[in-house]
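Chemist: Sharing a structure, written as structure tokens. Questions coming.
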Amino acid sequence: MAGNTIGTLFRVTTFGESHGPALGAIVDGCPPGLSLSEEYIQEELEKRRPGKGKGETPRKEKDKVHLLSGVFEGLTTGTPIALIIYNEDPQSSAYEPLKEVFRPGHADFTYFMKYGIRDHRGGGRASGRETVARVAAGAVAKRILEEYNIEVHAYTINLGGISAHARDLNFIYQNRLFCPDPFAYEKMIEKIEKTSKEGDTLGGIVEILAKNVPAGLGEPVFDKLSAELAKAICSVGAVKGFEIGAGFKVAEMKGSLNNDPISSQGFLKNDAGGLLGGISSGQDLILKVAVKPIPSHRKTQRTINLLKEEIEIQIGGRHDISAIPRIVPVLSAMTRIVLADHLLRQLAVLAFRKRLPFPHFFDA
Ligand SMILES: Cc1cc2nc3c(=O)[nH]c(=O)nc-3n(C[C@H](O)[C@H](O)[C@H](O)COP(=O)(O)O)c2cc1C
Ligand SMILES: C=C(O[C@@H]1CC(C(=O)O)=C[C@@H](OP(=O)(O)O)[C@H]1O)C(=O)O
């Protein structure tokens with residue numbers, strides 16, 4: 001069925017289920033001549049791989065990526081890139097008792113209402129494990145963006161109500177929570193430990209910062225960069241909120257405060273989050289993403305089964321306490337996929353745009 005592909009010139013399709021033999025991605029539209037290796041992609045996958053930090057699912061997966069096509073002698077050929085990651089530790093029998101039960105907060109009920117059939121093993125395609133394929137594809141997008149010096153950083157600014165106040169971009173890559181604030185990091189770890197003991201789970205907020213994004217990315221109407229980013233980010237499981245720049249605060253701001261004044265040196269502030277008319281302004285892109293707590297907590301939950309009988313369940317098995325931090329590299333990957341697609345789309349415009357007046361407005 002439809003709905004497994006994202007992008008126009010840079011197209012990503014993912015396939016696979018959490019407890020099937022494998023997950024993977026087909027990446028079509030990557031330009032030729034870029035260096036790309038399994039090692040490069042693996043480095044990104046390691047950031048999402050389960051079982052590496054406090055409160056993460058203990059499922060033992062190497063998440064080893066196999067690059068099947070589209071690369072010859074270390075360089076992309078311009079043809080489709082196929083990436084596959086085999087599942088090694090599914091333990092599907094743990095899901096047998098849940099076969100005819102709808103877990104609250106998970107996708108069991110809606111998948112069943114839609115298809116009338118579902119792969120109950122580990123949530124099937126609705127599992128957070130599907131995101132391994134997205135991160136693999138996002139690594140290809142990263143290679144394209146590197147050619148234009150475009151950087152994407154994502155980091156945890158809130159975990160279970162504990163806020164990060166500092167934004168130390170070096171520190172985010174030194175801790176497993178991708179937290180930019182060493183003080184908040186300690187508090188977040190304590191919160192995970194306490195919540196884990198209580199048998200409960202946590203949500204949080206991830207901020208995404210994209211630097212050196214040239215002005216002009218995004219189409220004017222339906223494929224606005226803002227809309228495409230919202231779609232890509234909200235396509236990730238457990239995402240419940242998305243903000244651009246000042247986000248929901250704009251509702252309370254006056255226009256005289258909200259607008260970012262423009263000087264010959266550039267914009268004087270960035271409440272717009274780098275997007276005007278849905279098109280990148282050349283300022284940093286700043287996005288915020290609200291992530292809900294993991295639905296599989298250990299407390300008793302009310303639900304129904306396939307016979308519509310009311311029952312109580314207690315979910316055991318292997319689960320994250322929070323989708324944070326492992327969702328953080330997924331959100332970077334989705335942002336990169338959208339930016340790579342729109343960069344390629346804008347390069348076609350620029351080939352002609354340079355004939356018009358004011359070419360000095362463009363650096364790309
Ligand atoms: C990286 C990541 C890890 C996740 N880990 C778990 C988990 O261990 N257990 C669980 O029940 N849900 C987990 N989730 C959340 C569910 O996949 C998600 O809640 C489910 O697909 C329902 O979708 P929704 O929350 O968007 O409505 C995870 C999600 C992500 C993105
Ligand atoms: C395996 C991963 O996370 C899984 C995401 C997940 C869910 O319901 O989303 C449920 C758990 O699956 P299982 O019960 O098979 O262990 C997590 O372990 C992964 O992200 O690689």
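In case you wondered, yes, glycine gets a Cβ from its N, Cα and C as well.
What TrEMBL says about a protein is an automatic prediction, not a curated fact.
I grabbed these lines from TrEMBL:
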- Arg48, Lys54: NADP(+) binding site (BINDING)
- Arg125, Ala126, Ser127, Gly277, Lys292, Pro293, Ile294, Pro295, Ser296, Arg318: FMN binding site (BINDING)
Chemist: In sequence order, which same-chain residues at least six apart have a C-beta under 8 angstroms from Ser127 (FMN binding site)?
Modeler: Glu17, Ser18, Gly237
Chemist: What is the biggest Cα to Cα gap, in Å, among Arg125, Ala126, Ser127, Gly277, Lys292, Pro293, Ile294, Pro295, Ser296, Arg318, the residues listed as binding FMN?
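Modeler: The widest Cα-Cα gap among those binding residues is 44 Å.
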Chemist: Taking the binding-site residues Arg48, Lys54, Arg125, Lys292, Ile294, which residues show a Cβ-atom distance to ligand 2 below 6 Å?
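Modeler: Going through Arg48, Lys54, Arg125, Lys292, Ile294 in sequence order, none turns out to be close to ligand 2.
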Chemist: Can you see whether DSSP assigns Lys292 (FMN binding site) to helix, strand or coil?
Modeler: coil
Chemist: Output, ordered by sequence, the same-chain residues six or more apart from Lys292 (FMN binding site) with a CB under 8 Å from its CB, or 'none'.
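Modeler: Residues satisfying the criterion: Gly105, Gly203, Ala238, Val239, Lys240, Ala323.
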Chemist: Among the binding-site residues listed here, Arg48, Lys54, Arg125, whose Cβ has the fewest other Cβ atoms inside 10 Å?
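Modeler: So among Arg48, Lys54, Arg125, the binding-site residues given, the one with the fewest Cβ atoms within 10 Å is Lys54.
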Chemist: How many Å lie between the Cα of Ile294 (FMN binding site) and the Cα of Lys54 (NADP(+) binding site)?
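Modeler: With the alpha carbons as reference points, the distance is 15 Å.
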Chemist: If you run the three-state DSSP split on Ser127 (FMN binding site), which class comes out?
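Modeler: Once the DSSP labels are grouped into three classes, Ser127 (FMN binding site) ends up as coil.
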Chemist: Between Arg48 (NADP(+) binding site) and Ser296 (FMN binding site), what is the CA-CA distance rounded to a whole number of Å?
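Modeler: Approximately 19 Å lies between the Cα of Arg48 (NADP(+) binding site) and that of Ser296 (FMN binding site).
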